[in-house]
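Asker: My questions all concern the structure below.
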Amino acid sequence: MLNDTTSKDYEYEYDQEQYSDLLNVPVDCPAGNCFSNDAYLIVLLGLYSVIFLVGVPGNTLLAWVTWKESRHRLGASWFLHLTMADLLCCVSLPFLAVPIAQKGHWPYGTAGCWLLSSITVLSMYASVLLLTGLSGDLFLLAFRPSWKNADQRTCGVRVVQVSSWMLALLLTVPGAVYRKLLQEHYPPRLVCGTNYGGSVTAEVTITTVRFLFGFLVPLVFMASCHGILQRQMARRHWPLGTAVVVGFFICWTPFHLLRVIIAVASSHSPLLAWALEAEPLVTGLALAHSALNPIMFLYFGRKQLCKSLQAACHWALRDLQDEEESAVTKVSTSQEMVSEMPV
C-alpha cells in the first residue's frame, strides 16, 4: 500500500507502518492476475477523490452540528472528536494523491514524508481510542448508577477524550521515527517509505503494537460493551453508537489482518505476493472510513433529510441520546424490580 523499502528481500515494495501513502503496484505477478499500473492509478485517484469530496464537507458539517450539540449533550462531544480525527485524514488525501499521480515520486521532502504519514496514523489511533471511550461511556451509563451524575461524567469523559488524543500521538511516534525518504533507481525517484535498517525487532514490535492497540484490544472491549448493551436495550435496533463502531471495524479489519500477513510472510512466498496485490483495495477500504460517519448520520437522520442536512444530523444525535436513556432506563427498571422482591 505504501511505499517502503524494508529488510525483506523481495521484488515488491511495501510499507510496514503507514496506511495512506502511495500504494506500490506489483512489478511482477506470480499469480498472473495483476491489474495494469494505469488501472491501479485510476482506481486509487478516483477513490481518494470520492473520499475527499464526501469526507471534507460531510465532516465539516458534522463538526459544526456536534459542536453545537455538545454544549447541551455530553454524548455529542464523542462525535465531535471523532469527526476531527476523520477530517485530519480527509484533508491529507489531496497531498497523498500527488505522489500517486506521479507514479511514486515524493515531492514534499523529508518533513512532508514524516508529517503526512504521522497525520494519517494519528487519525487511525485517535478514532479507535475515542470509539473505545464512547463504548465505555455508554456501558457505565447502563451499569454504574453514579456515572449518571452530571459533574462526574463530564469530568470523566473530558479526561478520556484528551487522553485518547495524547495516547494516539504517543503511539504514532515509533513508526514515524522510521519514516525516510528513499532513493529508488528503477525507475529513478524519491519515495516516502519505512526503513527499519534491517532491525527485525523494530519491525515486529511496531506491527504488534499497531495490531494490539489499533485493533485487537479495542475490538474485544467494544464488542463486549455493545454486546451486553444490546441485550439490555429496551428497544431492539442498531443504535448510532453501535453502528459507528461496527462501521469502523468493517473498514479496518482487512487492513490490520493484511499488515500482519505482510509482516510475517516469508520473502518470495505466494502469500506475500497475494497480500501485496490485495493491499491497494484493502487500504482504500480503510481510508474510506474517514468519510463513513457523515453518511451514517444522514441515514439515522433520514426522517429529517427533506428539511436540511443539518436537521438530519441533529435528528441522528437524538438516537444517541435515546440509546443512553434506554440503557439507563432498562437497568434502573431491573434494579427496582430486584429491590421490590420479598426477602
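The backbone N, Cα and C atoms fix where each Cβ goes, glycine too.
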Asker: Compare the topological domain names that Swiss-Prot gives for GLY109 and for SER308, and report whether both residues sit on the same side of the membrane.
Answerer: no
Asker: Quick one: Swiss-Prot says CYS192 makes a disulfide with which of CYS113, CYS155, CYS225, CYS251?
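Answerer: In Swiss-Prot, CYS192 forms its disulfide bond with CYS113.
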Asker: Looking at SER7, SER199, SER326, which residue has the phosphoserine feature per Swiss-Prot?
Answerer: SER326
Asker: Out of CYS113, CYS192, which of these disulfide-bonded residues shows the lowest number of other CB atoms within 10 Å of its CB?
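Answerer: With the disulfide-bonded residues CYS113, CYS192, fewest surrounding Cβ atoms within 10 Å: CYS113.
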Asker: Please determine whether the transmembrane segment (281-300) and the transmembrane segment (79-101) are in contact (criterion: at least three Cβ-Cβ distances under 8 Å, sequence separation 6 or more).
Answerer: yes
Asker: Between the transmembrane segment (121-143) and the transmembrane segment (244-266), are there three or more CB pairs that fall under 8 A, provided the residues in each pair are separated by 6 or more in sequence?
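Answerer: Yes; at least 3 Cβ pairs under 8 Å.
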Asker: Are there residues at least 6 beyond the ends of the transmembrane segment (209-231) whose Cβ is under 8 Å from a Cβ of it, and what are they?
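Answerer: For the transmembrane segment (209-231), the list is 17, 124-125, 128-129, 131-132, 135-136, 138-139, 142, 171, 174-175, 241-242, 245, 249, 252-253, 256, 259-260, 327.
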Asker: For the transmembrane segment (45-67), could you work out the same-chain residues 6 or more beyond its ends whose Cβ comes under 8 Å from its Cβ atoms?
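Answerer: For the transmembrane segment (45-67), the sequence-distant neighbours (Cβ-Cβ under 8 Å, at least 6 residues beyond its ends) are 76-77, 79-80, 83-84, 86-87, 89-91, 93-94, 96-97, 100-101, 284, 287-288, 290-291, 293-295, 297, 309-310, 313-314, 317.
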